[in-house]
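See structure below.
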């Protein structure tokens, strides 16, 4: 299955890229710059492509991202601390982000005669992000079947959509994903903050998977209180 992987440079998507490279025919990685404050993640995506020996396409969506206002990921709004399961994390939603990225990725995949677009949405995303839920991914794939009817047949590959993040860590370890060479933190500092939702979820996932976490955190113990306080 010739597959184009949407890769942010984070733990989930880099692990997915390594899984696809091992199990399918990885034809490239595609990343999106939508003006996110943690833009440094894109450097990790580029390194993953180099490591896996495939092209890396970086799509400039900054002009579009400027209009998707109100999110802590793109605007001058503080990224909240705590676990993803808290309502405060809804401020990190970028409206319709995945739908826009997937539409572009499907067009590129069709042009490249790929069989699939892969994205690393997972079960832990469902509470906060509606465009990571199975209902969305199924509907989007059905829509693309109509959009590309008679031109191309491209499926949406979402192997983690019903899985917790800890399962991604387990799968990533199985495929020798270099976890230290991934970036998750939404604050985009020198090291992972250890306090934002994605840092807490990352740290918890390694703990639940029983895999050593190689990530340096500015606050390495905050996650415990955040998880206990859910």
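Every residue, even glycine, has its Cβ placed from backbone N, Cα and C.
The feature ATP binding site is assigned by Swiss-Prot to 7, 8, 9, 10, 11, 12, 13, 14, 15, 16, 17, with sequence analysis given as support. Within 10 Å of the C-beta of residue 9 (ATP binding site) there are 25 other C-beta atoms, taking all protein chains into account. Secondary structure at residue 9 (ATP binding site), taken from DSSP and collapsed to helix, strand or coil, is coil.
Long-range Cβ neighbours of residue 199 (Zn(2+) binding site) (same chain, at least 6 residues apart, Cβ-Cβ under 8 Å): 184, 185, 186, 192, 193, 217, 223. The annotation Zn(2+) binding site is assigned in Swiss-Prot to 185, 193, 196, 199.
Residue 196 (Zn(2+) binding site) carries a strand DSSP state (E or B). For the ATP site, the Cβ centre of 7, 8, 9, 10, 11, 12, 13, 14, 15, 16, 17 serves as reference, and the other residues of the chain with Cβ at most 8 Å from it are 45, 48, 120, 182. Neighbour density around each Cβ, counted as other Cβ atoms within 10 Å, peaks among the binding-site residues 7, 11, 185, 196 at 7.
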